[in-house]
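Trainee: So that we are looking at the same thing, I have put the structure below in structure tokens.
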Amino acid sequence: VGFKAGVKDYKLTYYTPEYKTKDTDILAAFRVTPQPGVPPEEAGAAVAAESSTGTWTTVWTDGLTSLDRYKGRCYHIETVTGEENQFIVYVAYPLDLFEEGSVTNMFTSIVGDVFGFKALRALRLEDLRIPPAYSKTFQGPPHGIQVERDKLNKYGRPLLGCTIKPKLGLSAKNYGRAVYECLRGGLDFTKDDENVNSQPFMRWRDRFLFCAEALYKAQAETGEIKGHYLNATAGTCEEMIKRAVFARELGVPIVMHDYLTGGFTANTTLSYYCRDNGLLLHIHRAMHAVIDRQKNHGIHFRVLAKALRMSGGDHIHSGIVVGKLEGERDITLGFVDLLRDDLVEEDRSRGIYFTQDWVSLPGVLPVASGGIHVWHMPALTEIFGDDSVLQFGGGTLGHPWGNAPGAVANRVALEACVQARNEGRDLAREGNEIIREASKWSPELAAACEVWKEIKFEFEAMDTL
């Protein structure tokens, strides 16, 4: 029998509502906005086709393989309530379509060409179900939450961080001084800003040396293990690894990477190096809002978070529910759970479309940062719990008396909140009172409370269900 040339509807091949999903399938939930006149079944089938085996016309080489075995299948469609002409389309992909241990390949398939497809007005990948058969091919985070706590010898509370500001323009020596003051004051970590790489005013090697000196000095004086996220992000993978090697030689505990601008291949490479050499890996998500901020087009951050857990990172910025950078509470807590927990049940009220079983892949600490200060501490402690990093940049360095008192204020506020919680007090209701009580015996905290008592960033969150 000759093959039948020509263009035929995608839905004839790729829309299979009777399909029963397999445990090994990768499942995707897309928010699809078809062009006017395109039925949802055709749009859903087109997404399945273009992100797996299909092309725009029938080709004779289709006969050389088993399409039934390899094709993506649109198996369910539901309308989005309250939105006109918007659908959630569920697609199942056979596992054979993906290279083992490669987030890069997974994304190239699932969100490659299909987002430019003309029959769709807009397309957003809302969630992915990664089957254990696939997640087991990834190393995941270099160390994970428990190993990190054991390395740092810090338990029972969130960790405190601070991004050194101004983010660009300081010399290496002045930068190191700021790091020392913050760590000496009581923070656990300080952080390179995501755009600090190796610029003319401060080359990476000088920064690494002065930060290591600051770290060891603060450690000796406080008796606590300290860290500074040394940003190893670079223009090439080789240069990035060179920086990570130097960090290891200095004996520091943690390095950092910008995983979206650096790319998943570079990130996974660095993650492997970090596990092999005992370095923790802090991940910044610079550029994420370009991809995830539009409600009807792009990729939701919960997918980028899952991808990071597979690719590898011990911390990742996860947005906050208070402060200057947006995050909607239930949705944020949904992907915070996806980062930390072993098994996360489907829960549409939190934007989780699939039950995700990570089969003991190490967890990632969510990092809350962006416009937060001491008055937010009770809310942050309650919302994020112990397994998190709370990062105050301006909220430390903006203290009227300087960096070290700023760090003291944050540490006192945190310890007060943790103690109050452990005594059974309600942080949501009594938060301000707890901070006020603590500030009576901490002049540093009292000064911080005075400076930031009126500051609010109140805008509508873009990211709603």
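Placed from the backbone N, Cα and C atoms, the Cβ positions cover glycine too.
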Trainee: Let me know which member of Ser109, Ser360, Ser369 Swiss-Prot also records as binding substrate at the site of Thr163, Lys167, Arg285, His317.
Mentor: Ser369
Trainee: Hey, how far is Arg285 (substrate binding site) from Lys191 (N6-carboxylysine), Cα to Cα, in Å?
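Mentor: Between the alpha carbons of Arg285 (substrate binding site) and Lys191 (N6-carboxylysine) there are 14 Å.
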Trainee: When you measure from the Cβ of Lys165 (active site, proton acceptor), how many other Cβ atoms are you left with inside 10 Å?
Mentor: 16
Trainee: Check the DSSP secondary structure of Lys165 (active site, proton acceptor), expressed as helix, strand or coil.
Mentor: coil
Trainee: According to DSSP, does Arg285 (substrate binding site) fall in a helix, a strand, or coil?
Mentor: coil
Trainee: May I ask which of the recorded positions Lys165, Lys167, His317 is closest to Lys4 (N6,N6,N6-trimethyllysine) if we compare their C-alpha atoms?
Mentor: His317
Trainee: Among the recorded positions Lys165, Lys191, His284, which ones place their C-alpha within 10 angstroms of the C-alpha of His317 (substrate binding site)?
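Mentor: His284, listed in sequence order.
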Trainee: Can you tell me how many other Cβ atoms are located within 10 Å of the Cβ belonging to His284 (active site, proton acceptor)?
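Mentor: There are 28 of them.
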